[in-house]
Amino acid sequence: MKILLAIALMLSTVMWVSTQQPQGVHTYCGRHLARTLADLCWEAGVDKRSGAQFASYGSAWLMPYSEGRGKRGIVDECCLRPCSVDVLLSYC
């Protein structure tokens, strides 16, 4: 029952976010940015790997390049300027 409620809440949040985006972009700041990103990443099934997992494959030198976009730039891209859901997903 709790899982169904969580899924329904997440889907309604995603639907609300998509309807609030004029021309596919929206400004996300603070707690709203964190929650939206968490919901989108959870829905997409993204599983971030830690540095220890990269080291276990013997490719620790690849870690800085393989993690995708850093978290520092998300505020610049999505809070100071409007961004799309695709940009948010690139931070998962």
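Glycine is no exception: its Cβ is also placed from the backbone N, Cα and C atoms.
Residues annotated as disulfide bond in Swiss-Prot: Cys78-Cys83. Swiss-Prot lists Gln20 with the feature pyrrolidone carboxylic acid. Per Swiss-Prot, the feature signal peptide maps to 1-19; the stated evidence is similarity to another entry.
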Local Cβ density at Cys83 (disulfide bond) - other Cβ atoms counted within 10 Å: 22
Under 8 Å by Cβ from Cys78 (disulfide bond), same chain, sequence gap 6 or more: Thr27, Tyr28, Cys29, Leu33, Val87, Leu88
